[in-house]
Amino acid sequence: MAMHDPHEKNGPDAVESRVQTDFPVERFGGNGSPGVRRIEVISSQFNLVHRIIFFFGVFLIAYVYGLDGTIRYTYQPLATAEYQSHSLLATVNVLRSVIAAAAQPTAAKIADVFGRVELILLSIVFYTVGTIVEASANHLYEFCAGAVLYQIGYTSVILLVEVLIADVTSTRSRLLFSYIPALPFLINTWISGNVTSAVLKVTSWQWGIGMFAIIYPVCTIPLLAVLFVGHLKARRANPQAYKFSLLDQGVGQFFIDLFWYLDVVGILLLIAILALILVPFTIAGGAVTQWKTAKVIAPLVIGVLCVPAFIVWERWCPHPMVPFKLLKDRAIWGALGIAVMLNTAWTLQGDYLYTVLIVSFDESVMSATRITSLYSFVSVITGTILGAIVIYVRRLKPFIVAGTLVFMAAFGILIRFRGGADGTNHAGIIGGQILLGFAGGLFPYPAQASVQVASKHKYLAVITGIYLATYNVGSALGNTISGAIWTQVLPGELENRLGNATLAAEVYANPFAFTQVNPVGTPDRDAVILAYKHAQRLLCITGICLTVPLIAFSLCIRNPRLTKEQTLKEAEEIDDK
């Protein structure tokens, strides 16, 4: 096993790259897969300058998709309201989460087979095309189609930057460097509201989304450039270790192997299960319940039938999407449980938060955008400080457990402060989001780091993809539950409090238009505020209930001592059992 020149290892706790030349080249999977071998060879050529450019490139990409995500999160309610379908906001979010859940493990395998650079290029295509479709959509279904394409690109690049960082860092420094993609939230939290307001003053939300079809591809250039330079140096320095072919057995056999390795059938079954079961819950409610209609019953039945088919398939197929061997370790399944419960609970309070801030708290667009970003802002500050502490403490579990307990306390505050235009409620919702963000800095990223250090490097991309997939499954579940509660509860509350079915339907379809002509203090606005407060209260109560299993999962994970190695020696032993 070749070790690169120690003088080249200039990053803080940078892991020594391991270029293997003494094993047979496998076509797919393992250390022999082209993507894994390629990044090991490339990173072995990095000096200090290359590493600085590398991390700057990661930061720049993260800055752009982070700003875009924050702004798009604000514009999405406006878009659905413009289509007179604001209540279907959860449906759009469920579709995005379903695609993200399926895309994560798929993108991880693509990164292993074809390479990290190729995944960046693929993400650019989907991100750009999806953004253009969303910005030019005239109907909700067109907007959803664009959101799905955008989500594939967005999901792929999020996975990629986390995998790249894990590729070149040690176990004890990984948490600190994992926060590089999150650092832009320190800036975006405060400027996103200004950008959102400025765009809406001079143009429409369509341009606010569409401009990133140009900005994002341009900002990927520095990272692509440094990886390309590493690629050229690697080919010159060690051509034998870099020499491999995906087509050595012919094009036809390659696509057959790729079909099995990517587990295409498993991906389709997973999408079918999540979409067909979860989406109906977000559309069945409303002013007139639709639970007995075919468009709700049929997808539910088909989705349920797909569950046993998925389990049987994953047990039988040669390259399952879910690596059952790894899931036997509580270090893995405990962290995956944290990911699901965390995002389910967070999404419950966050899905309609922007709308509640505008309608119930009477916040401005700028203020509402900033408040919805407070979680990310505070969690990044907390997590970055924690990452530096972990380098010396070398343990993760105590912080993860503490974070889940604080997370529960934050939900208690959010249940208390869920609406009202006075200063007390304004301070209360801000305090709740800050405490939620503090908790978010203590355990989501540490849980991801813990699942990475428990696996060999050859499983790194796949296990990171599985973790992020379960994260998005949590989002899908949260979106579904919030959408179901919102559509089942809010229409009746509005009608009861307003005493006018027509006005209630108008508010339900487009609450933002209603707030513009009905200021706080008018009878109708006060009635609407009470209705929205009631719905948000139910969402937050459901969320705090889910923090109980969240805490339980945090107690189940392992507490290994972190080292300067890329993975722990214990991980090698666990995976080989």
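Placement of Cβ uses the backbone N, Cα and C atoms for every residue, glycine included.
When the residues Asn31, Asn500 are compared with Swiss-Prot, the one annotated as N-linked glycosylation site is Asn500. Here the transmembrane segment (461-481) has long-range neighbours at 35-36, 90, 93-94, 96-98, 100-102, 104-109, 111-112, 155, 158-159, 162-163, 166, 274, 278-279, 281-282, 322-323, 326, 332, 335-336, 339-348, 351, 447-448, 451-452, 454-455, 542, meaning same-chain residues at least 6 beyond its ends whose C-beta is under 8 angstroms from one of its own. If you look at the transmembrane segment (264-284), the same-chain residues 6 or more away from its ends with a CB under 8 A from one of its CBs are 88, 90-91, 94-95, 97-99, 101-102, 105-106, 290-291, 295-297, 299-300, 302-304, 306-307, 309-310, 313-314, 317, 320-321, 473, 476-477, 479-481, 483-484, 487-488. Of the Cβ pairs linking the transmembrane segment (209-229) with the transmembrane segment (373-393) and spaced 6 or more residues apart, fewer than 3 are under 8 Å, so the two regions do not touch. Within the same chain, no residue at least 6 positions away from Asn500 (N-linked glycosylation site) has a Cβ under 8 Å from its Cβ.
If one looks beyond the transmembrane segment (87-107) by at least 6 residues along the same chain, the residues whose Cβ comes under 8 Å of a Cβ in the stretch are 76-77, 80, 119, 122, 140, 143-144, 147-148, 151-152, 154-156, 159-160, 262-263, 267, 270-271, 274-275, 278-279, 282-283, 285-286, 321-322, 347, 351-352, 355, 462, 465-466, 468-470, 472-473, 475-476, 479-480, 482-484, 486-487, 490-491, 508-509.
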